[in-house]
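Over in Swiss-Prot, the protein carries these features:
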SIGNAL    1-50  signal peptide
CARBOHYD  69  N-linked glycosylation site
DISULFID  82-135  disulfide bond
BINDING   95, 206, 214, 216  Ca(2+) 1 binding site
DISULFID  165-249  disulfide bond
BINDING   177, 228, 229, 231, 301  Ca(2+) 2 binding site
DISULFID  191-244  disulfide bond
DISULFID  196-207  disulfide bond
CARBOHYD  238  N-linked glycosylation site
């Protein structure tokens, strides 16, 4: 009987010792895991605070440290700046070294050599089909032309705002717009858009669904058209699909790393009257000079004031990003 009791006590003591050993081992392992996790967290925090190498790494543009914008005449580290200008500008200047000269002038305003990019486009209409705004800050120079005033306004609305867009299959489906921020945006070499509003029985309102000629034309031979129809009503859409695409888009808000500078014209284009523009601020400015050298000199002089009303953003804009931005 005593042998059985001694055996039971011995087994109990061994179990306690074994359990104590297991608990100490688990504690050491947990301490190791926790300390490693804290070390990695501190290291990542230091890196992401030092430079923009973290999870929000920009798709394009520089990875320079972000500095507060300043209007003071002191040199500070900046990010990339893209300057978009029409072919007319380089033709009038007619100087093979004009970009290098301007780069040196930007350097005096705090923009290091190599941080300013000059991008030429042929005309407003062609530029609107495939805008490529890749820099941290983007300035688009638009020469005012009364005959292109509406095209300029639509382009400004496109590039000064962010849009979430999805493709539309107008051959199979009817579409309706859900609110003021919902627009259809068509792009291509030649876009002619016609619509036929439908009642609840899918019969045409003032048009015949089987007769395209009876549809209402809302865009003709355009390269960019932002289409707005009556909300909450289905529409049958006819489109020149061989030369144009159309997307169902929702305006998300201002694209704050883009500004438009209008060259000439009696009045600056105003897109803030659009109820979907919120907040009611615009990054559009006007300079009145006949010579392009004078235009560029003015931009260099006021570049830091211009950038101050902008905000560095990580999103880029090209035709693909515009159509499928997530």
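Going from the start of the chain as shown, residues are counted 1 onward.
Each residue, glycine too, has its Cβ placed from N, Cα and C.
On the structure: features taken from Swiss-Prot.
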residue : record                : CB count, 10 Å
82      : disulfide bond        : 20
95      : Ca(2+) 1 binding site : 11
165     : disulfide bond        : 18
196     : disulfide bond        : 23
206     : Ca(2+) 1 binding site : 9
214     : Ca(2+) 1 binding site : 13
228     : Ca(2+) 2 binding site : 13
231     : Ca(2+) 2 binding site : 11
244     : disulfide bond        : 22
301     : Ca(2+) 2 binding site : 12
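Between the C-alpha atoms of residue 196 (disulfide bond) and residue 216 (Ca(2+) 1 binding site), the distance comes to 6 Å. Residue pair residue 95 (Ca(2+) 1 binding site) / residue 82 (disulfide bond) shows a Cα separation of 20 Å. Here the Cα atom of residue 228 (Ca(2+) 2 binding site) is found 11 Å from that of residue 249 (disulfide bond).
In this structure, the CA atom of residue 135 (disulfide bond) is 20 Å away from the CA atom of residue 301 (Ca(2+) 2 binding site). Distance from the CA of residue 249 (disulfide bond) to the CA of residue 177 (Ca(2+) 2 binding site) is 9 Å.
Listed in sequence order, 196, 197, 214, 215, 216 are the same-chain residues at least 6 apart in sequence whose CB falls under 8 Å from the CB of residue 207 (disulfide bond).
For residue 244 (disulfide bond), the nearest of the recorded positions by C-alpha distance turns out to be 229; the candidates were 82, 206, 229, 231, 301. The shortest Cα-Cα distance from residue 301 (Ca(2+) 2 binding site) to any of the recorded positions (191, 206, 238, 249) is found for 249. Counting every protein chain shown, the number of other Cβ atoms lying within 10 Å of the Cβ of residue 238 (N-linked glycosylation site) is 18.
Here the Cβ of residue 135 (disulfide bond) has 24 other Cβ atoms within 10 Å, regardless of which shown protein chain they belong to. Here the CA atom of residue 229 (Ca(2+) 2 binding site) lies 13 Å from the CA atom of residue 249 (disulfide bond). In this structure, the recorded positions under consideration are 191, 229, 249, and the one with the smallest number of other Cβ atoms within 10 Å of its Cβ is 229. Looking at residue 206 (Ca(2+) 1 binding site) and residue 229 (Ca(2+) 2 binding site), their Cα atoms lie 15 Å from each other.
Cα of residue 238 (N-linked glycosylation site) to Cα of residue 231 (Ca(2+) 2 binding site): a distance of 18 Å.
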